[in-house]
Amino acid sequence: AATAPRIPPTRLALHHFDVSYSLQLKDLWPSVRASLLCEQKYGALLNNFSLVDHIAQELELLNATDFVSEAPKKAQRLQRGAAAEEAGRGESGSQEGSGEGRTAAQAGMTAQAEVSPPLRASVTSNIKCYTFPRGDITRFRPARPDTLGLFDYYLMDAASLLPVLALNVQPGDFVLDLCAAPGGKTLALLQTGVCGHLAANDVSISRTKRLYQILQSYVPKEIRETVSVTSCDGRDWGQLEGGTFHKVLVDVPCTTDRHSVMEQDNNIFHRRRTKERQMLPMLQLQLLMAGILATKPGGEVVYSTCSLSPLQNEYVIERAVEIAETQFNISIHVEDLSHFRTFSFFLDCRLGELVLPHLTANFGPMYFCKLRR
């Protein structure tokens with residue numbers, strides 16, 4: 001008998017997303033789909049440990065800007081513009097709340113959010129990440145080492161910096177990066193220069209090696225030695241070191257939507273990984289619960305994925321809040337992060353924030369949600 005043709009995992013992923021995300025994102029899905037299938041846009045996270053001078057000036061001459069410091073200015077401009085437009089419209093402004101007005105706002109995907117104190121607090125950190133303007137598809141040159149061999153910047157999806165900014169690390173904080181490899185977010189946490197202690201963990205030994213390589217390439221030895229790198233099962237962390245951290249980042253394994261539609265290798269939509277993919281929300285929930293339990297009372301957890309899926313995003317948050325309350329008598333408050341809307345965001349996200357890939361600003365997808373214990 002003839003065997004069934006082998007369908008590539010990238011095509012399986014795209015079919016799966018077409019079915020589920022067209023229902024979730026509706027009219028926005030064709031644009032998001034096209035963006036996922038196009039070249040991703042990167043940001044350059046400046047390495048504060050590098051001895052190379054004038055990197056910021058070099059990037060600014062190329063018309064790149066630090067989106068972290070620009071975010072509050074942009075939000076203020078949008079706010080003023082929205083206020084002026086509202087005043088000009090008068091009575092006709094009432095249509096803004098209608099379904100039609102909402103869809104138009106979503107299609108434009110211009111996030112109009114108030115600049116609140118948490119953003120001001122977080123952006124005064126030492127993190128600087130340069131991006132090219134909307135519609136500018138210039139590529140950054142490869143990073144270069146200084147005289148000590150430390151690279152001048154780290155190229156990453158700029159949207160993946162938002163969970164780190166949302167964590168808002170304060171001087172002396174004990175910080176846990178529960179699923180740390182390959183290391184971009186760990187590096188960003190170190191750029192704040194204020195972590196009292198940083199624990200970076202990843203269950204995969206091979207991925208932890210990649211994390212070590214990143215630290216070695218970007219961080220001086222005396223700072224590296226202050227980072228505790230482990231390869232434990234993150235689900236057990238609440239039992240290992242419960243109630244010890246001020247801030248916990250839980251950047252969980254997910255369907256990595258962009259990778260899944262573009263790369264055959266290590267694709268979670270490969271048929272032999274079907275069970276693993278189906279179990280992802282359970283794994284994500286267990287990791288988030290471990291992160292919550294590892295946090296001190298009054299501490300904060302940021303949960304993040306690079307998936308558009310509500311099953312891996314809002315539903316995991318809702319279930320974790322419920323379990324924390326009923327099984328551990330821990331009350332969890334979900335923080336408002338709307339002031340972090342700097343790229344293209346999905347305005348109908350029930351909990352947390354979701355960055356949508358967009359052809360003019362092709363970052364993400366990136367979901368992030370902040371919980372306070």
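Placed from the backbone N, Cα and C atoms, the Cβ positions cover glycine too.
For 76-373, the entry in TrEMBL reads domain 'SAM-dependent MTase RsmB/NOP-type'.
The region 'Disordered' feature in TrEMBL is assigned to 78-117.
For Ala181 (S-adenosyl-L-methionine binding site), the same-chain residues that are 6 or more apart in sequence and have a Cβ closer than 8 Å to its Cβ are Asp202, Ser204, Arg207, Thr208, Arg210, Leu211. Residues or ranges marked as S-adenosyl-L-methionine binding site in TrEMBL: Cys179, Ala180, Ala181, Pro182, Gly183, Gly184, Lys185, Asp202, Asp233, Asp251.
There are 23 other CB atoms within 10 A of the CB of Cys306 (active site, nucleophile), with all protein chains counted. As annotated by TrEMBL, active site, nucleophile applies to Cys306.
If you measure from the Cα atom of Cys306 (active site, nucleophile) to that of Lys185 (S-adenosyl-L-methionine binding site), you get 13 Å.
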